[in-house]
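Here's the structure we're looking at; comments come further down.
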Amino acid sequence: MSLVCLTDFQAHAREHLSKSTRDFIEGGADDSVTRDDNIAAFKRIHLRPRYLRDVSEVDTRTTIQGEEISAPICIAPTGFHCLVWPDGEMSTARAAQAAGICYITSTFASCSLEDIVIAAPEGLRWFQLYVHPDLQLNKQLIQRVESLGFKALVITLDTPVCGNRRHDIRNQLRRNLTLTDLQSPKKGNSIPYFQMTPISTSLCWNDLSWFQSITRLPIILKGILTKEDAELAVKHNVQGIIVSNHGGRQLDEVLASIDALTEVVAAVKGKIEVYLDGGVRTGNDVLKALALGARCIFLGRPILWGLAYKGEHGVKEVLNILTNEFHTSMALTGCRSVAEINRNLIQFSRL
């Protein structure tokens, strides 16, 4: 049976992955309230279509940080892709390159950065950093990704400690995972994942100037959910924000990403680009996020579902399905370009 929507890929992954891997991908923090609300929150937003417009040509292209992408649908950083497909992130990178969209490579990639670049040398790549307490290790890694042609540095903010992920604790999954890219300058050996947590518990706003001093890459902050932090991001001269609650895997019972988007967009006042991840499953979801001010969305779990299905080709299918759905959503709401998507296209449900 053919897979025709993203939830079909989820169902396939549930049937074919081991329990521990399935739990690692699907699990949320505590009671998974936020994980589930990320999806449900989109359904509380209704569309207000406009008709009698010429939609014979619909253009899904846009730009992020000055780079053109084929659609505002990109790949969020997720770790350990080799859990679901043998060549892991290399397949993900090839799919992103073929689709003409951005792939944010995780600190917790199971393939080396060099192998990922070789697999997709022309792809648009950003790098996601979990800040390590060892500043020298951070510096070494940042300089390495810059030399490899990554175009932005994405710093994750919402993990001063790891969220309470009950399934991973029960399965003791972290003890079986190794990071190939986090090599100590002193020891030169790979570091087991469980030794990497907690990450830096002391990272604060004033530390951003140190990162800015060691790289020319634009800095994107991932994990902002409030206007107060959005305003501080602008004050500290970063280039972008990813509104994210870590897929509901960190602090449970925070706002769904789409619900937090409005106040973050309002707070930055157009000074920096705002992106979103969390809960996107349909083309309508993409359109709603853009209508509320996101420049693009980033996909997490659905990419892993696609990878588990057919590797590179499965990820391509996920991206193609979502892009085609988004194209249809644009046409059916009267939008001929991404620039025509605006707040007037949506209405929130009345409680």
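Placement of Cβ uses the backbone N, Cα and C atoms for every residue, glycine included.
Remember, TrEMBL labels are computer predictions, not curated facts.
Here is what TrEMBL records for this protein:
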- 1-351: domain 'FMN hydroxy acid dehydrogenase' (DOMAIN)
- 77-79, S106, Q128, Y130, T156, K222, S244, 277-281, 300-301: FMN binding site (BINDING)
- R165, H246, R249: glyoxylate binding site (BINDING)
- H246: active site, proton acceptor (ACT_SITE)
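Everything TrEMBL records as a feature, shown here on the structure.
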residue: Q128; record: FMN binding site; contacts (Cβ under 8 Å, 6+ apart): P77, I104, T105, S106, T107, V154, I155, T156, K222
residue: R165; record: glyoxylate binding site; contacts (Cβ under 8 Å, 6+ apart): G27, G28, A29, R249
residue: S244; record: FMN binding site; contacts (Cβ under 8 Å, 6+ apart): A76, D158, K222, G223, I224, L225, S257, L276, D277, G278, F298
residue: H246; record: glyoxylate binding site; contacts (Cβ under 8 Å, 6+ apart): T156, D158, T159, G163, G223, G278
residue: V280; record: FMN binding site; contacts (Cβ under 8 Å, 6+ apart): F42, V286, A289, I297, L299, P302, L322
residue: G300; record: FMN binding site; contacts (Cβ under 8 Å, 6+ apart): A76, P77, T78, G247, D277, G278
What residue among the binding-site residues P77, G79, T156, R249, G278 has the most other CB atoms lying within 10 A of its CB?
G278
Among the glyoxylate-binding set R165, H246, R249, as the record gives it, the longest Cα-Cα distance in Å
12
Enumerate the residues of the same chain, R165, H246, R249 excluded, that satisfy the criterion Cβ within 8 A of the mean position of the Cβ atoms of the recorded glyoxylate site; list them in sequence order.
G27, G28, A29, C162, G163, G247, G248, Q250
